[in-house]
Structures are given as C-alpha cells and as structure tokens.
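Feature annotations, courtesy of TrEMBL:
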type	residues	note
BINDING	CYS420, CYS424, CYS447, HIS453, HIS456, CYS459, CYS479, HIS482	Zn(2+) binding site
DOMAIN	415-492	domain 'Recombination activating protein 2 PHD'
Amino acid sequence: MSLQMVSTVSNSSLLQPGFSLLNFDGHVFFFGQKGWPKRSCPTGVFLLDIKQKELKMKPAFFSKDSCYLPPLRYPALCTLRSDAKADEYQYIIHGGKTPNNDLSDKLYFMGLVSKTSKKMTFQCVEKDLGGDVPEARYGHTINVIHSRGKSVSVLFGGRSYTPLAQRTTEKWNSVVDCLPSVFLIDFEFGCCTSYILPELQDGLSFHVSIARDDTIYILGGHSLQNNIRSPNLYKLKVDLPLGSPAVTCTILPGGISVSSAIVSQISDTEFVLVGGYHSDNQKRLVCNTIVLEDSKIEIVESVGPEWTPDIKHCRTWFGCDMGKGSVLLGIPGANKQIIPDANYFYILRCKGAEEDKEEELITQICSQTSSEDPGDSTPFEDSEEFCFSAEANSFDADDADTYNEDDEEDESETGYWITCCASCNIDINTWVPFYSTELNKPAMILCSSGAGHWVHAQCMDLSETMLLRLSEANVKYFCNKHVDLNKGLQTPQKVVCLKKPPMKPLRKKRTMKLSASTKKSFLRRLFE
C-alpha cells in the first residue's frame, strides 16, 4: 500500500463527510455535496480530475429526460449489471440526507448514456416502489444478488428519525436504529418485500456489505440502542426460485468490531478493508484483506501504509472508495483557528505497482464512507467537527471547463440567491423547489419599476397559474413594493368623448308687417 497526499484541492468545501464516489470507465465522479447545487454545476455531480497531485472538479451533465437527483449524503449505493459478468453497469442510489437534513426514501438508477473526449452525459431515473417500502434512512447498504438467472437488490440497516408520535421538543431531530429487517426489491416492478430473521436482533448502521453471486456478507456496524460495534460476521443467502424468495442468515466466526470502514476491491476475489472506528474516540488504523472463494470468506490482517502524523493524531477522518483499489481519505486541518474549514486529502493505493492495471469490477461492493463519528447523533454530524473545507485554488489556463467556486461569489448580489425584498426567505442551503417548473434554482420575475430588478416569484406570493400567465404574456410586472407607487405615478388614461348629434334648430315664427292705417283700424275695432 502507498499513501499520497493531494497537495492542492480545488473547491474542497464541497467534499464533506457523507459524499460518494462513482466510477464510470475509470473516471471517478463526486456526488453528495452538503449544500444545494449552484449555477456553475446545477447537477451536483462532478468529475474528479487528478493531475500532478492536484485534484480538480469539473461539472458533469445529465440528459434532458433525466429526473432531478438531489445531493444525498450517506446514501446506499452499488452497481447493477444485467448479469455478474456484464461489462456495462449503472449505479443504484437509495436514501440519504438532503441538504435540508431531510431523509430520502427514493430509489434512483444512474447510468452513462454518452461519452466524448470532453463530456460525459448521464441519465437518472427514479423508480417507483410498492409493497413493504423501506422507510427513509441513511447509513445503510444496498447490494445486488444473482440467483437462478434472476437479480434483486437487498437493502439492510441504517438510521432514521424518531417517529413523529415519539418526538419531543428537546429531541425533535434525534435518530434511532432502523429495524433489522432485510428488504428485497424487484427491479422490474419495484415491489418490495421485508423479511425478519432471528439471527439479526439489533439494528446496524455504517456497516460494510460485500455481495457475490447469491450471498451477502455483512461486517461490523454500529448500534445506537446498545452503543456497540457488532463483532459478528453475518452471511445472508438469497434463493430466487419460481415461487417466493427464500432468505437465510448465518452467523460466522472471525468478524471485526468496526464501523464506518471502507472496502475497495483489488481483484476478482480480493478486497481491502481500511479506516473506520473501534470506538467513539478511537480510529482504526489496521488494514485487513478479505478473500471470497468457493462460498467462503477469509479475513486476515494485512500490512497497512505508513500513516502520517496528521492522520495518526486527528480525531476524525472520512473518505470513500474510488474503485480499482484506491481510496480517497480526508482529515480535518490542524490549524482550524487560523485557517477555518481546512481539509487535507490523501489517496491510498491498495495495490502494488505491478498490479495496478484495469480490472473488471465483477463483485458488487457497497461500503459506507468513513465519515461519521458513529457514537454521536445527527446534530453532531453537522457540527464544526464535520464542516472542514479549503479555499479554492486557481486553475490552469487550459482547464476552462473546470468548476470554480469563486465564480459563485457574486450570486448573493446578482444571481438567483439574492435578497429580493425585506421578507425574502430564499436561502441557497435550505431552498427546495416550490413550483413544478423549478429544478435547481428558484423562479424569478422582473419588476419593471425604474431600471428594473429581479424578485423571487415565491416571495411575491404568485400562484403557479399567474406566474405562467405573466411569463407568456407581454405585460409589465411590478413587485409588491412598487405596485402601489406605480399606480400613483401612472398617467390617467385618456377618456374618449362620445360625439353627440347636433340638435335641430327651432323654427322661427312668421310675423306680418302692418301699415299704420291698418293698425289704427285694428285698434278702433278692438276698443269699440
């Protein structure tokens, strides 16, 4: 084994405990940042590009027909192949924590649909589940087994929030062990079936599971209820006949009391177990080799790397399997008070130079990252002990497509995450889609007052129907602050006077002119 320090890490603030690494055709992708994705990488999935001991992050892309995949920390994931020897595969992702600290119960399939020299495009599909659907959880495992020409996924363990009926104000977000049930999930119909086995008495989380053919081995794990790390080694065997599946469990000797360990596959039948914790305050620096042959498992202690003093003396560490026998490890910086949020990263290569070649990952492996101090509850997971990051570093000129977190600094003033009004409650770390048209950023609308400014549609209390009508119609919009002012400044509309028909002039009375003699004669007759 060899240990190499990554001297410069770009945007390491995104690499927080609970992340996952996906390996597609030898390329490693990061998934599960702590906050909601930003505009520079709305998918939240990054390619980890390692060159000359520098780790850089480049945005990944999804096809137009993909569903939205939120950033999930501590999910369960594994690879899915059509059969045990197939070359193409996709990842199954279940559960995990969202940036709002909500727990997910959804199941996603993520696969590679196109690949060029500079761009890899993924497709993500959400699978509808029915039957005995597993509750929302994190810190669990999922594996794929093959039996009699059929395949199902097996889900076990994890933690969830205390049921609503049992919550109190003081322990509202406290977590508990999930029941030790084994779930079988059918890929074609999404039907879930739960099994209760007498050998599994305690709920476990942050354990290690390794699957081969129709058998799954479960090693270690932490139980919150008993505050122990199980020394047992469980063997789950799943048979898929024409009728109902059969699930059996056997307790084997030779287990290891460990939690939050990492497993990396180095050959068809050989794995390496690194990291984890013996207890709440004691890391496990011993490495083990796990060999699976002929339905048997053998665990032996192996020679580990020369751990650096920083790794030996740090209280916590975290990491994930990179595939091909490599592990990415992170530790908190020693000078937290001087350089806040500083992480140091190492790459542990478990294979020798003569064995470092491309190998097929035939066996499905699923291990939780060595990230959480397992003896503590949810609030401690998100405390300062687990929130270390480093400032972004400058990139080379030829890496124009490299994600740079510095590009996001102006979003508080000019982007989607502005404070649009006095009552604005849109926050990048807590925002969730409100309208059906939103994906990874809030809907905004332009206020036409003065030079114009953007406001969030949600803060303006706009209904989705009104928002669509305003976006389609060519009319001016004024926000709640300026709508009354605009009405006072508006010029009254010109009133068009109706034309009245002219009245007909009155007819003049005819008068007769009388002579003087006639007048006298008329007056004489009148007074006679």
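A Cβ is built for glycine as well, from the same backbone N, Cα and C atoms used for every other residue.
Fair warning: this is a prediction, and the values are worked out from it, not measured in the lab.
Apart from CYS420, CYS424, CYS447, HIS453, HIS456, CYS459, CYS479, HIS482, the Zn(2+) site neighbourhood in this chain, defined by C-beta within 8 angstroms of the site C-beta centre, holds CYS421, ILE445, TRP454, VAL455, MET460, ASN480, LYS481. Sorted by the number of other CB atoms within 10 A, the binding-site residues CYS424, CYS447 start with CYS424, the lowest. If you take the C-beta of CYS459 (Zn(2+) binding site) and look for same-chain residues 6 or more apart in sequence within under 8 angstroms, you find CYS420, CYS421, SER423, CYS424, ASN425, ILE426.
Least crowded of the binding-site residues (CYS420, CYS479), judged by neighbouring Cβ atoms within 10 Å of its own Cβ: CYS479. By a simple count of nearby Cβ atoms, those within 10 Å, the most crowded of the binding-site residues HIS453, HIS456, HIS482 is HIS456.
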